[in-house]
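Have a look at the structure below before the remarks.
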Amino acid sequence: METLYSITVGTLTACSVFLILRGRSFPIVIGLTMLSYAVNLFLFSTGRLVINQLPLVGMSEASSDPLPQALVLTAIVIGFAMTAYAIILAVRVRGEIGSDEVNDYNYAEQEGQR
Amino acid sequence: MLANHLVILPILVPLMAALLQLLPWGENPQYYRRIIGIVASSVTLILAILLVISVQDQILVYALGSWQAPYGIVLVADKLSALMVALTAVLALPVLIFACHGEDNLGSHFQALYQFQVVGIMGAFLTGDLFNLFVFFEILLISSYALLMHGGGKLKLRATLHYVVLNLTGSAIFLISLGVLYGITGTLNMADMADKVAALQGDDAAIARAGGMLLFVVFALKAALLPLYFWLPQAYANTTGTVAALFAIMTKVGIYAIVRVFTLIFGADGGESANLIQDWLWWLGLFTILLGSAGVLGSRDLRLVVAYLVLVSVGTMLTTLSLGHTDAISAMLFYLVHSTLVAGALFLLADLIAEQRGKTASRIVKGRKMAQHNLLGAMFFLAAITVIGIPPLSGFLSKLFILEAARTGAQVLLLWPLILGATFLMMIALSRAGSRMFWHTFDGKPNETAHPMWQHAAVMMLLVGAVALTVFANSVSQYTDAIATQLATPAEYISAVLQTGGSNE
């Protein structure tokens, strides 16, 4: 289970890093979303992976750690809100600047001609 | 009752103010919102001063909901936290007064966002729990995303997009490092983690070091250290003056976090993970000074010049921090107070100058005379000699402390030429900016835009702060010495948190 889990987190992170390094805002936002999934999965695993155990000491053979679950919940809420904000911002930038290139070096020259 | 809850009040007061400001206030809401904002900032300032007084001989620990550390979340006010809280309050009040004369009308909910930003900053300074630090970082970042765009416009939007994407990535790395550290130590309380990290051996210590380095990346992004500073000049130069002035404390949040985590958890007592980032800080800090001063010289816009000045100050502080001994940390903190106040004043001043010049704005070119030419010129002169470090003001003193702190051969060989060279470049850049803007003016009528007295007063308050720092340099440096001594003995902090935590019935 640990191997499968770490491969999943690793693949998600690798894909997200690739996407974040693109030059347009849409892939970047998708990349950030994927990165937050990867991070949430990773945080969840920091309490060690156990199945079918209660988060209470002494009630079952090996208790599962409740704290990472609380942390993940916080991280999900913040990550979700921030993704929504980033999407709106990207759309706004696309509308106002007329391009979704994040680093459009020709922008300064074009400005004078409009 | 006040004394027991003093630690949490600097967070609660701005939070309450922000919530009140969000209520519908009828026909003319801005009037009431401004009053609430100013009152809240003044109260916060008084509370911060009380906090500084009450941490003189003890470390205040506030267990939220009386959940004992290390299981609950604690707020901790030691001398360093109290200094940072006081500095934030001292900066926030004049900047808010400045903003209340028109700039808060450029977009909606400026006032509430401003208070939320203060909540986040205060919280980051006071918390004793790493995950809580993450949450407060998010609070201050979310409000900064909105504040950075305050007023709108293409350039601001673009700078904000870069800033948001970078900081979202930074938050993800922060969470990963928290996960790593929690997975290996089983705690998120900083004091408890310091104990656990010091006891780690072999592979476990290596994983903890990896987590610590990830944390360093995040804090270096906030502090704008060399490879991670590229967001700062654009973001600070394009936003409105008040927001940039408030952001003068934002890089210091990163520096505070570096100081806190890397003296407490990965400091000299850190076992196998001791002194994790000293070498990194030294070299990256030196190159930050180098590139920052090149930026100061190369900028053709006054706002950009000030933004690069912030960068130089970040480099100077982190290089000094890497020296590690108590004198260096004390000098660094003195410089931190000085640079925050003067950077705030310069951003506000650049805004006044840009508005009074009209079309040429803050670009360093020949332009029309300003309506309040002499007043602005005098304030610019005062701010410039302070930031450059010409005697007699605080810039000179703080640089002197830093140069004194660098003692051994290699340190003197690299640090002295860089700091003095940067000072020289800053002097050239600022005298060029000043003479172009104030002396090379077109003949004829000056511009008509003038600013109300209170806005000048706000800038003056920050400059007077810098003057006061010079006059009371002795007591301030005694206080920073005490902070440095406290940071050098983390055992005191650890035992205060783990033993007396929760005694706030």
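Using the three backbone atoms N, Cα and C, a Cβ is placed for every residue, glycine included.
As annotated by TrEMBL, transmembrane segment applies to B:6-23, B:35-53, B:82-99, B:119-148, B:160-185, B:205-232, B:280-298, B:305-326, B:332-354, B:375-393, B:413-433, B:454-473 (among others). Annotated domain 'NADH:quinone oxidoreductase/Mrp antiporter transmembrane' per TrEMBL: B:128-415, in sequence order.
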Contact call for the transmembrane segment (B:413-433) and the transmembrane segment (B:375-393): at least 3 Cβ pairs under 8 Å, seq gap 6+: yes
Distal contacts, the transmembrane segment (B:280-298) - CB-CB under 8 A, six or more residues away: 216, 220, 224-227, 229, 233, 258, 304-305, 307-309, 311-312, 314-323, 414-415, 418-419, 421-422, 425-426, 428-429
Folded-back contacts onto the transmembrane segment (B:160-185), same chain, C-beta under 8 angstroms, at least six residues removed: 130-131, 134, 137-138, 141, 144-145, 148-149, 192-193, 196-197, 200, 204, 207-208, 210-212, 214-215, 217-218, 221-222, 228, 231, 234-235
Range from B:6-23, B:205-232, B:332-354, B:454-473 with most C-beta pairs under 8 A to the transmembrane segment (B:119-148): B:6-23
